Amino acid sequence: MSSTEAHTEMSSTDHSWTEELPKVNLIPSTKHWNKWAVLHVEIVCFVGFVLNLITLLACWRASILKNGKPVHLFIFNIMLTDILTIIVVQPWLAFYFIDDGITYIKGDEWGCLSAVVIAIFALETSYYGVLLLTVERFIAIAFPLQHMHRVTKTVCKTAIAVSWAVVFVKNGVLYVCHPYDSEFKSGCVPRAYMYAGYVNAHNAHLYTVLALITVINVMIAGIVIGMTKNRAALRSNNEDMKNARRRGELKMVKMLFCVVIALFFTWMPFNVVSNIVTRQRLLGRPIDYNIMVATLMIRGFNFLGAVADPLLYIWQNPGCRKAVAKLFVRRSNNTLTQPPTISASVPPN
């Protein structure tokens, strides 16, 4: 994808480009901003990791996956991909912002390739997670009877496994078949390991997934609007159980809309700016210093989705709220109300 290419190209050491083009200073030095970029990314990653871990642990202890609806499997899958993304981004931070990491990775073909493959894998699994949740919600709203009988936990687990397998095979191809451009030995650049055909297929695949997410959510919004107009008619009928179930489905739809909005608003700023930088470099034009600084300082936006997803799940799901509250109450009770230790005196023989 173009944004990923720009993402890693711009993350490379600034002097690597100036070494390639010594007579034209295309990239202004922003090295002194690196520590601030690392700091704000790490803060966002830490908060997202803690929130996702707490939510997963609380819901697992409350057996929500076992006793809840199949949709919870897709929500848990999204949180797992968020945790995966946060973990695999740590080598990237070391390789592109810390001097020792930059020195370590220079000229390491397989190390750079692994960083590229793992980063893209984590990103695409998160996109697929949102797509699976979108499709499930569309079926639940548009075809409730089919959803009740067809969308089982086994089907959901199979869909998640297939999505991970597709992403794994797609990116694992790079280990088997990849070029290596010696021009980029000083930096870890994705296009140094990708043929032009792979880049085009990757871009088409990624934006197709995003387009499907957008189109299906627009269709869901249309169905929800139609249902809202008929709310009075639904209330007039004596169908309390059906209406309660429908309200539960709409809560999940509301959460889905928030997740999709978070996905686009957290990735779009960086995608736009990084594409501007890539375009300027391809045209051989100098890149404005403020744009470079903005690119560094909005990297943390990419991981705000990992913060938003568990918060949205807790907000929209009463069972999850109770599970999280119960987790903390149980821990506080265990620490504050320890039973006294009674030592029995043993009479001498």
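Cβ atoms are placed via backbone N, Cα and C, with glycine included.
Copied over from TrEMBL:
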type     : residues : note
DOMAIN   : 51-313   : domain 'G-protein coupled receptors family 1 profile'
TRANSMEM : 36-59    : transmembrane segment
TRANSMEM : 71-93    : transmembrane segment
TRANSMEM : 113-135  : transmembrane segment
TRANSMEM : 155-176  : transmembrane segment
TRANSMEM : 204-225  : transmembrane segment
TRANSMEM : 252-270  : transmembrane segment
TRANSMEM : 290-315  : transmembrane segment
Six or more residues beyond either end and a Cβ under 8 Å away: which residues meet both conditions relative to the transmembrane segment (71-93)?
8, 11, 38, 41-42, 45, 48-49, 52-53, 55-56, 59, 64-65, 101, 115, 118-119, 121-123, 125-126, 129-130, 132-133, 136-137, 140, 153, 156-157, 160, 252, 255, 259, 303, 305-306, 309-310, 313
Given 36-59, 113-135, 155-176, 290-315, the one sharing the most C-beta pairs under 8 Å with the transmembrane segment (252-270) is 290-315
Ranked by Cβ pairs within a distance under 8 Å of the transmembrane segment (290-315), the first of 36-59, 113-135, 155-176, 204-225 is 36-59
I'm checking region-level scores; what's the whole-number mean pLDDT for the domain 'G-protein coupled receptors family 1 profile' (51-313)?
80
If one takes Cβ-Cβ under 8 Å and requires six or more residues beyond its ends, the residues near the transmembrane segment (204-225) are 1, 124, 127-128, 130-131, 134-135, 137-138, 141-142, 170, 250, 253, 256-257, 260, 263
